[in-house]
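Structure record follows, encoded as C-alpha cells.
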Amino acid sequence: MAGDIHPKKVLLKTKSWMDTEHRVILNVGGIRHETYSHVLKKIPATRLSRLTPNTANYDPVLNEYFFDRHPGVFSMIMNYYRTGKLHYPTNVCGPLFEEELEFWGLDANQVEPCCWMTYTQHRDTQETLAVIESLDLDGDPPSQEEIAKKFGWEDDFHSGSLSQWQRLKPRVWSLFDEPYSSKYARAISCISVAFILVSTCSFILKTDPSFQIPDIDVFYSLRVVDENGFKNYHKTIGTDKPVTSPHPNFFYVDLICNIWFTFELFIRSIFCPSFHKFVRSPLTIIDVVSTGAFFFESLLHAILIQTGSLVTLDFLSMICVLRLFKLTQHFSGLKILIQTFKASAQELSLLVFFVVLAIVIFAALVYYAERSQLNKDNQFTSIPLGLWWSLVTISTVGFGDMVPKTYLGMLVGSLCALMGVLTIALPVPVIVSNFSNLYSHSQARGKLPKKRRRVLQAHEVKPMHLGVKSHHGKHRKKSSSATFNQPPANFKNANGGPPNHDNSAAKLMA
C-alpha cells in the first residue's frame, strides 16, 4: 500500500533519533568535540563518565558541556576514551599534561610505552632543577624574607619585631658564606681563597730539596795512638746529616694561614643559621681536622725531636691539602662537578665492580698461562703479583715492570688490555651526560628573571571584581559598563519587592 511505512525507514529514523539522543557535545577551550555517552563511560570513575545535564558545566541553550581547559591535551584524552590508548603530546610540557590528567580523573601511569620515555623527561628535569636549587648557585643576594626563612624567623620578620642580634647575624653570615651577596663578601671570599692557595703552595714547596735545611749533628772523638812507648792523643771532629727539615719561614706562613682559618671557623660557627647542620657539614669537618692537625703537629714539634715522631707529623700535615675542597664554596663549577659524581654513583660503582672482576680473572689467567711453557724469566710467581699487572693493564697505564713472555700469556695480556678499554669507556658517556645536564640547566636557570609577574588565582579574581562593582555602584559613574552596576540597597522594583540581580549576560540577551 502507498500509505504504509517501510520497516527499514522506521529503523533508520529510530537509530538516527537514538544517536542524536546519546550524542554528547564537549566544548573544551573553544574547540568542540562530539562523541557518544557510551564512549565516555568506557573509563569509569572519571569526570567525563559522570556527565549529566545537572552539572554546572552544561549549557542548555547550546546543548553542550563547556570546560575551560587545554584543548590540545583534551584531544589526546578524547582519543584515549575512543581507543583505550593514552599517548603523550610532544608539544605540551609534562607538568601541564599531568595537571590535565588529574583534572579529568585519569591516571598518568597509563601512558603508552612508546611515549613513556618522552613523558618522563620532565620528571628528570624537575629532579635536576631541585638539585641545582639545593646547590645554591644564585649569584644574586637573597631577599630579606628568604633570609628570615633560612634562619627560622618568619614570624618575627612579618611582625616587624626583629632584634638587633637577628639583624646582625644574617649579615655577618652572608659575609663569610655568600660570596655574591655584597662587595665586602666578595673581598672576604678572595682573602679566603688566597689563604687556601698559599697554604697549599707552602705544603708543596717545603718538600722540595731546595727549601730543605739539613739537621747537621757535630760529634767529637778522641783517639789514643801508642808509638814507641809514647801515647799521643788525636782529636777528630765529624758531622752527620740524619734528616732534613723545611725552612723555618714555612712554619710562619702556615701559622698565619691557620690563624685565618681558625678565625673564619669561629665566626661561621657563631653566626651560622643552624649549628647542628653546620657541624655535620663535610667542609666544616675538613676545616676542623686540618686546623687541629697543624696545631697538634706544632705542639709535638716543640716536645719531640726524634726522627720517628717527625715522620708521623709529616703525615699529619697531608690533611691540610683537603682544604682545597673549600673552594667549592666560592666556585659554582666545582659544586656541579661534585654533584655529577654523586649523580653517577651507580654507574661508577658498576664500573668498579666490573674492573675488580676482570682484574681477578685475568690475574689468574696470566699466572697459569706463564706456567704453561718453560719460562726462565717468569715474573708472575703468584696470583697477587698478577693482580698488580692486571690492574695496570686494564687501566691502560702499562708501567712495563711486569711483562708476559709466553705466547699464551701475550694473548691473555691482549685480551686484558681490550677489556680495559671497553670497560672504562662504557660509563663515560653517562657521566658526561649528567654533567652536561646539570651544567646546561644551571646556565638556563641563571638566565631566568628573578621576579616573575604575579598571576591571580581564580578565588582571588572574584572578590576583586565584586569590589570594583560596589565601587562603581557607589559613585554611579555612567559608562559603557553601566549595565554591570548593582542597584543600591534601598532600591525597590515596580512591585515593591527586592531588587532584581540579573547578570549582564541576561540583560544583553533580553
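Every residue gets a Cβ built from N, Cα and C, even glycine.
From a predicted model like this one, the values you see are computed outputs, not experimental measurements.
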Given ranges 101-120, 241-260, 281-300, 381-400, the stretch to which TrEMBL attaches the annotation transmembrane segment: 381-400
Residue distribution over DSSP helix, strand and coil in the domain 'BTB' (22-122): 44 helix, 20 strand, 37 coil
Positions on the same chain near the transmembrane segment (381-400), where near means CB under 8 A and six or more residues out: 355, 358-360, 362-364, 366-367, 413, 416-417, 419-421, 423-424
